[in-house]
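Student: Structure incoming, see below.
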Amino acid sequence: MIKKIGVLTSGGDSPGMNAAIRGVVRAGLSEGIEVYGIYDGYLGLFQNRMMLLSYCSVSDIINKGGTVLGSSRFPELKKDMIRSVVMNNISKSHLDALVIIGGDGSYIGARRLSDLGCPCIGIPGTIDNDVAGTDYTIGYFTALETIIEAIDRLRDTSSSHQRISIVEVMGRYCGDLTISAAIAGGCEFVIIPELKFQMQDLVDKIKLNISKGKKHAIVAITERICNVFDLAQYIENETGKETRATVLGHIQRGGKPVAYDRILASRMGAYSIELLLKGYGRHCIGIENEKLVHHDINDATKYMRRSFRQDLLTTAKKLC
């Protein structure tokens, strides 16, 4: 019988997390469940910092970026001694289950606590869109809008100065944001971690475009592939074209969530309560073909793989 649960946000924040918190709280209250907000992710659970949330506690947060509960990375959770303290705090607080909003690292933490007997439901909250078992993660579409706005502005100045602009996009090891940004932003080149990248190949393509009369270009690249400032210098040296690199950085994580992220987060938050009431307690939520689904969190973190969007890449290559 689920009477009292905790909700936390973990790892990198993403726009829409507040909407998910709101969804969990209000759906829980509608079923007579007490919901406690745990501050700063797993760290707050370790330190036993939590507060009872009411209907009014989550008023006026659906439109806010970030997370009102705070977030953190807490790799110490992998230690047996730390997990023992966490489980003791869960027991002392009489929490029957946890709802954990975050990325794949947060899911691993949820899996570990589930293994120790605490029912956990994972909700995918990350702009990277790199979580298995879901087409989209909370925050992805808002981050994409932020990136497109930046690319549009860079195109204005790149066109004026006839220069090449490199835009580094977040995503870790997933190129979804970069591919989508390249299509929506009209980028001339796209570089993602899923495909092998050679700087000289890019230079050759830029030279070909220049020979065809192209006077400026935008290159979208996922983070961690290379040093974009070194890449800019290499391109400038090889082509003679002024080249500048822009790292969008953490600005991509901020801002008011767009409507789709608010709706997705609200649906997933409410669905987490539905799953707990049905007896699920080792699962993560996803959306596939616009329908909410759930998967065993062990499968999602160990065996399932995020499907690569070859269709988007094919489109990007045709248009770039």
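Backbone N, Cα and C define each Cβ position, glycine as well.
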Student: Given that Swiss-Prot assigns Arg22, Gly23, Val24, Val25, Arg26, Gly186, Cys187, Glu188, Lys212, Lys214, Lys215, His216 to the ADP site, pick the one from Arg153, Arg155, Arg244, Arg253 that the record assigns to that site as well.
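Tutor: Between Arg153, Arg155, Arg244, Arg253, Swiss-Prot records just one in the ADP site with Arg22, Gly23, Val24, Val25, Arg26, Gly186, Cys187, Glu188, Lys212, Lys214, Lys215, His216, namely Arg155.
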Student: For the ATP site that Swiss-Prot lists with Arg73, Phe74, Gly103, Asp104, Gly105, Ser106, give the additional residue from the candidates Gly12, Gly16, Gly28.
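Tutor: It is Gly12, as the record lists it for that site.
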Student: Return the count of C-beta atoms lying within 10 angstroms of the C-beta of Phe74 (ATP binding site), excluding that atom itself.
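Tutor: The Cβ of Phe74 (ATP binding site) has 21 Cβ neighbours within 10 Å.
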Student: Taking the Cα atoms as reference points, how far is Asp104 (ATP binding site) from Arg22 (ADP binding site) in Å?
Tutor: 22
Student: Going by DSSP, give the three-state secondary structure for Arg253 (substrate binding site).
Tutor: helix
Student: Distance between Arg73 (ATP binding site) and Arg26 (ADP binding site) at the Cα atoms, whole Å?
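Tutor: If we compare the Cα positions of Arg73 (ATP binding site) and Arg26 (ADP binding site), the gap is 26 Å.
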Student: Across the record's ADP-binding residues Arg22, Gly23, Val24, Val25, Arg26, Arg155, Gly186, Cys187, Glu188, Lys212, Lys214, Lys215, His216, the largest CA-CA distance in angstrom?
Tutor: 58
